[in-house]
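For B:58-98, the entry in TrEMBL reads domain 'Zinc finger Sec23/Sec24-type'. According to TrEMBL, the domain 'Sec23/Sec24 trunk' annotation covers B:127-391. Annotation comment: TrEMBL describes B:402-505 as domain 'Sec23/Sec24 beta-sandwich'. Summarising the annotation, TrEMBL assigns domain 'Sec23/Sec24 helical' to B:554-591. What TrEMBL lists as domain 'Gelsolin-like' is B:607-693.
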Amino acid sequence: MNVNQHTPMASPYGQPQPSFGQPGYAPLDGSYPAPYAPYNGPASAYQPGAPPQGPVRGPPTSGPPPVSAPQQYNQYSQSQGSMQNGPPPPTQAPPRPAVSQPYNQGAMNLSGPHPSYPQHYGPPSTMQQVTNQMTGMQITSGPPTAAGPGYAPPHSSQPPVSTGYSAAPQASYTQAPPPVSSAPTQPPPPSGPAAPQQYYSGPPPSSQQPFNSSLPPTSQQQQQFTSSVPPHPPPQQTLPPSSYSGPVPTQSQPPVPPVSQAQQSFPTPQPPFSSAPPPVSQSSFATGPPPSAPGSFPPQGPPPSSQPGSFPPPGPPLTSAPSCQYPGPMPPQQQPPPSQPSPYHSGHHPPRPQMPPTSMAQSNHLPPGPQGPAGPPGPLQQPPSQPGMQTGYPPQQNGAFGQVRGPQPGYSGPYPGQPNYGAPAPAPPAQKRLDPDAIPSPIQVIEDDKAKTTEPFTTGVRGQAPPLVTTNFQVQDQGNASPRFIRCTAYNMPCTADMAKQSQVPLAAVIKPLATLPPDEAPPLVVDHGESGPIRCNRCKAYMCPYMQFIEGGRRFQCGFCSCVTEVPPHYFQHLDHTGKRVDCYDRPELSLGSYEFLATVDYCKNNKLPPPPAFIFLIDVSYNAVKSGMVNIVCQELKTLLDCLPRENPEVESAVRVGFVTYNKVLHFYNVKSSLAQPQMMVVSDVSDMFVPLLDGFLVNVNESRQVIESLLDQIPEMFADTRETETVFGPVIQAGLEALKAADCAGKLFVFHTSLPIAEAPGKLKNREDKKLIGTDKEKSLFQPQVGFYSSLAKECVAQGCCVDLFLFPNQYVDVATLAVVPVSTGGSVYKYTYFQAQSDQERFLNDLRRDVQKLVGFDAVMRVRTSTGIRATDFFGSFYMSNTTDVELAGLDCDKAITVEFKHDDKLSEETGALMQCAVLYTSCSGQRRLRVHNMAVNCCSQLADLYRNCETDTIINYFSKYAFRGVLSNPTKAVRETLVNQCAQILACYRKNCASPSSAGQLILPECMKLLPVYLNCVLKSDVLLPGADVSLDDRAYLRQLISCMDVAESHVFFYPRLLPVMKLESGSLPVAVRDSEERLSKGGVYLLETGLHLFLWVGASVQQELLLNIFGTPSFSQIDSNVTSLPVLDNPISQALRELIYSFRAQRSRYMKLMVVKQEDRAELIFRHFLVEDKSASGGASYVDFLCHMHKEIRQLLS
Amino acid sequence: MTTYQEFIQQNEDRDGVRFSWNLWPSSRLEATRLVVPVSCLFTPLKERPNLPPVQYEPVLCSRANCKAVLNPLCQVDFRAKIWACNFCFQRNPFPPSYAGISDVNQPAELMPQFSTIEYIVQRGPAAPLIFLYVVDTCLEEEDLQALKESLQMSLSLLPPNALVGLITFGRMVQVHELSCEGIAKSYVFRGTKDLTAKQIQEMLGLTKPAVTGQQGRPLAPQDAAATCKFLQPVHRVDMNLTDLLGELQRDPWPVPQGKRPLRSTGVALSVAVGLLEGTFPNTGARVMLFIGGPPTQGPGMVVGDELKTPIRSWHDIQKDNARHLKKATKYYEALANRSATNGHSIDIYACALDQTGLLEMKCLSNLTGGHIVMGDSFNTSLFKQTFQRVFSKDYNGDFRMAFGGVLEVKTSRELKVSGAIGPCVSLNSKSPCVSENELGIGGTSQWKVCGLNPSTTLGIYFEVVNQHNAPVPQGGRGAVQFVTQYQHSNTQRRIRVTTIARNWADAQSQIQHIESSFDQEAAAVLMARLGVFRAESEEGPDVLRWLDRQLIRLFMFHLRRSPFLQVFNNSPDESSYYRHHFVRQDLTQSLIMIQPILYSYSFHGPPEPVLLDSSSILPDRILLMDTFFQLVIYHGETIAQWRKAGYQEMAEYENFKQLLQAPLDDAQEILQTRFPMPRYIDTEHGGSQARFLLSKVNPSQTHNNLYAWGQETGAPILTDDVSLQVFMDHLKKLAVSSSA
């Protein structure tokens, strides 16, 4: 459903966005009162739209809501006010509106759930909330205004409306409604319904017309928004609310829905976490609502009461209480809707139920209702769709947020619904606010982007943001590097440092120089400029690229980076055509493409000598643990076949890479596998304090020549050490050994180290166990991330100088100090793989797949990367796995196709809008065949003098990539708490700047998010909650250090899925197409469903407790839930479409990621579910991480503080 | 009464002892006037086919600081079952096992003919013999091949239960594990790093060896074998080791132009010593080092790897220009001392055309009783046969080698021990019979001789301490007892006890007697040893001056010119080599070294010894010179012409053929028995190798006096050295003037 909705949305988006992106925003920023108005209009229009859809909306008629709204407002205001004060809610709503609206709409349309929501919400609270939300929505939409236009069309209008409504409704319902409605029960509801209706009705007409007759709606909406703002101020509330019917409505609506929710929630609250709640809730709802509500109220009551102080108090508290109880919001909602809705909305409901599915509007508003009716599934789906609404809601949440926990009572009062949502975990306290469905949904954004991307992405247009990493698209290189190589945080950079500073938007690019391209895209062409080497600018040494301007008839060229004029060498001369382009422009990749490679000459080689082919050295731990876990055996067996797959550029030629073998425990064993030997020779080096290589000839060999000896060796290694009793290992000398071997052979290469334990044997780099949980959370925590000894840093430096890249495979059974061991891999461009508690049986597959991939993947050695930029901007900071000996050259002993480097830029002068900003990333490296090459990626982005342009061309995923790397590096020198705060601050500043400079004037209480960054809060929250920054009790220091280094070289696609895992409902799987993902929240899980969750590192198959037997049979081959073996790591091969599709899906997921994901089957309510839940990032985490809703509220609060 | 000559011979045959004086001056003063100290050459393990060892423990004097062994000189009271120690006069009861003793039932040790007696003692388990090969791989292919063959051959000569080990070195040092199947394992050490014994043992995984025998007693072989994978019984690893040696490659590290190969001899030895120290302390073991060049890196480096820097010469040393000399010497001395402490001996087989650093490394063998063999190449019979001869066996089928010897000297009160000169180290055992005046290695009454063979001879110097005013009773006798404990090559522990006595004589009244008891040969050798000992530690000219002051006759002329004292024309390595052998050979061999023997073959009669003089070099003679280190056959001018003309091929000149053959046969005889095998040189008048002969003979005719002597009488030597005649004249003059 969502999808559908989305898609429809998408289309609107497509239009709107473009328009938005620029036109829309522009208006927003500055001069767009008008646009805003329109936006508002749209919003209003939406409402109208809603009406059209359904009488539903009609029912929700805004008119009524207003009435109720006021009341609610009051309540809200109180509740919120007490918490945050009205402002938050509205704000939230407002900003999003535009976006959210679409979403909401989409959602509405899409899923039955929406309908359901609408029902719940729609009728009762919807109106008010909607209004709030709407307002919020609108505000957000403000930017979206553009969307508005898009919306303008019936669909859009409707959708938006619906979304707005729905979202708002939901949110409001969940939150506001519950309290109000539940508490006040009838009074509010009636009012609520009425209000909504009014709204709707009012708006609806207007809305639909609104587009046309945007005025009324706009006004309303604006008002509403503003009102929404007021709502926050709720304290002030009463007045504002009253004034603003809109705001009121939200509250009013909430009340209603709340009730419903409350009811729903009741059931859920108890089971909240489990998906089960829904069903329960439903059941409970019927009965539950009333009773529970009361019961619930009490708890909330108190707090609410305090907060409630305001009018609503009585109501709200009650409502809140319910909400609290209704943690299960979603499900509850559904159910509740029926129960309460019926009462409240009875009038509405009727329409809704019908409407929900059919009309967006209904759905939006109706959601509540529909949900109720729709049943659990509906809700689940709906939620995602609702996101659009978020905007509206967020505010509320915000308000709630900061206070959330404390204030909750109050909040809960206001947002009974919210509590439910957020509640799942905190259910009881959850008295909070926002409806998760109402806040920006990542899924929605992703789906929209997918829908709008139909054409291949061409890189010829400067400053054009590429599709999201989650979207499949083709790239055509037309002069700028493909987004697969370079992604920027902003494709429209501010012209001045002041602007950049003001906006706080990081200017960074994530560069993946050797990225693997899909088969249908050609790899960079190789250019040979002859003996004199690549042609470069005389001054800045930039390489020939499309940005070089040929002048004087082609005899000279002017550098696009530094403007210096350079003579064209005679052999490169070519005439220009009438446009000033060289005639051969399109024959030469370096003149027409964004990415290409030069053949380097000896001037680009170490010692002016062409490099010999690189070598791979395998260093295998053979201590007791390694042997016992089966690792040694597995590695040796695997190497026998793997050695045939060494990387080569031409598949028909045998690989030039030579190999060598070392085993070690606390001494090292080198092997002579010279082809002339009858049997391998082992040379033991015990002098680990002063490592050296005991042999030269016969250590590094060609695989084919020495095959027999090598196989004999690999057969014998496991035997030789089968009875070992040596438990101590060394580590530093192991790397030294590899390094010395490469030095002796005078070549670059890669070390594959298979290591098991903390190196406690007496040797350089010896480590102590320093894992001290007591330090976590203290100022000394950072020391745990720092290397324990300085030895490895200097060793890393030596490795880099030699071009010795180190890949580390860890098989620890206990603390191994990853923070220290990873120093060398990280500094040399290597990778770290960690297989904790490795057991041959269950982890073999994952390890072997990783190993195979790691050995086979394309890799460049002894690389130096330099990023040149046009005057005015400068690459100032780099993040990733590399070493830097000066401030400009990124040195990578090895650079493989999975490694990304994030580069941050700073202004050192003004940029011009005309020329934009250019960057050229040149990587000099030795290919696996020993060829020295230069890979060049060029990228041009626009420059802007208006902040709005900046905000319109940002890429949140990339920003998050930057933020996470920045933060994860920050933990080395700062307490994690400070790092988190810094992140939140910067994020708040970014958003506040937008709000201040780009958004239409609206009440301060509204949360307004730029379209491009509306997911920033949710993603940022994921970063903040990551194990590195906020570890749970069961997260080891090693895990954190491991993740820390892992993130540091992730590209955008990986970091995206890592922070916001992909959660797919398997039961909707059909061969050929992916089901639409679900938001990472427990409440989105259906007890009767099966879900697949991937993070890029983990893969879970979550099985609900009441899954249909048939599905189980199809997937597991067993009809019984209890018989599912949760230890399996692969699914049985069954001959049925579902099984096939699922296995294919898993296969394709694995194929997409650079690391093999082991499948974990998680049964609902099983122990392992805890692990799984950790990845439901929208929920509260066990380690204290905020739920999305809570965080959004918090963020809003921060923004408001900044604005005030 | 036999003549002194016979007496001396008899003593030597029975006890392996030759004293410089066979009557001892009765007071310190008189002894000092005799110039040549009371001293003796003692061959502890002199072969005594007619001396069956007894199977019990010796009976010791019960006085704590005496512990002399019961011997034929003791007074015994058969009735009281008491014997009196002839050194300290302590009266000791016989042990219970001697209960049946009586006048007619005497134990062997009381019988006069058993002044030398050997006991077999059963203490602890028998220790296996250990042979640890330390092989340089920086050799020419041909050399390495020859060496590998020799080594493989040697395996067949070892007793099956002997333990063998293999260390190879070049730029790195590899200790090979011997008992592994399927994969050849070795432990590798960097050649540049000085490691302590503890580190080496840790690195070899020997830190937790089975408890070593108490008090350094050896492990049971089976235990030891189990604990040490580097030293394994020959019979078990024969095949492995043969293969291993067969696969041995030249050091694979490239040697750039203008450089010497990097050779880590110092570390290799350190590892070898450390390995044995950690596994078999106080067990007989031989470290056999084979080197083809000087150590060029790491501790013990003798010369850098730059070919343009030549290895030190005497000239450099005298100018203090040998930068590695002191450091390397110190390093090897430390190793030698450690090795000696543990009873392991170190052999050096150095085969190279240039010097190999023997000067620095000589102490390894000198202090541990090991062999030094110097040759030009491993691919020569000199090396091959010499090496084979190391494993020669005696009449019992036992190796002519013994290990871990401890020689203790006990003296009666009037006499004290000043020191010893030979392949031994001091054990710093202070007993009442230790003199304050040191000669040679002194200050102790016990010496450790880690490696012994039947010809190993020590010079032992005594001091008469009896004061002039406390005369020895007329007819009193002084006694000396040598107690040698050692590990026989059949792994038994044995103790050989030699007790001798000499009469005291009053120098004033019995000066003629004393004079006639003078053993000229022994005295010459003993004095020469002193000279060499000093030469090792002092500047050359000082030694000569000292020697000249001693006014020794005749022999000293040749000694003065010998390579033992003169470094001219010898490299430092050669000097070390010669001196090494000089201080350990028995009297006969030593004499040959001092004054080479020259035989003359002619048609005029049977072969005859002739004067080592230029006048002996005649055209119609074939000369055979034996200098111990060289065997030179020199064909006179005429003979050479005849030979060139091929007369020996003609039936009618059969006699000429025989004449040519005679010295060859004689030389062969010498070659058969001599260890190390001498350099065999067949040359003729005018041949380049004739220099070996010409440099030895007394230059009675030189270019300076040639015409005075006429044409017929010999070959002139082109030298400025003084002739014996001149020397003697000068000596006489000095003798007269100094007495004045």
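Backbone N, Cα and C atoms are what each Cβ position is placed from, and that goes for glycine too.
Keep in mind that TrEMBL annotations are predicted by a computer and have not been checked by a curator.
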One stretch in B:127-391, B:402-505, B:554-591, B:607-693 has more Cβ pairs under 8 Å to the domain 'Zinc finger Sec23/Sec24-type' (B:58-98) than the rest, namely B:402-505
Of the listed stretches B:402-505, B:554-591, B:607-693, the one with the highest count of C-beta pairs below 8 angstroms to the domain 'Sec23/Sec24 trunk' (B:127-391) is B:402-505
Taking DSSP helix as H, G and I and strand as E and B, the domain 'Sec23/Sec24 beta-sandwich' (B:402-505) has 0 helix, 59 strand, 45 coil
Sequence-distant residues near the domain 'Sec23/Sec24 helical' (B:554-591) by C-beta distance (under 8 Å, 6 or more away from its ends) are 12, 18, 41, 43, 312-314, 317, 350, 355-359, 362, 365-366, 369, 372, 374, 421-423, 455-459, 521-522, 524-525, 527-529, 531-533, 535-536, 540, 543-544, 547, 612, 628-629, 676, 695-696, 698, 721, 724, 727-728
DSSP tally for the domain 'Sec23/Sec24 helical' (B:554-591), helix/strand/coil in that order, comes to 23 helix, 0 strand, 15 coil
The DSSP breakdown of the domain 'Zinc finger Sec23/Sec24-type' (B:58-98) into helix, strand and coil residues is 3 helix, 11 strand, 27 coil
The DSSP breakdown of the domain 'Gelsolin-like' (B:607-693) into helix, strand and coil residues is 44 helix, 21 strand, 22 coil
Across the domain 'Gelsolin-like' (B:607-693), the model's average pLDDT, rounded to a whole number, is 89
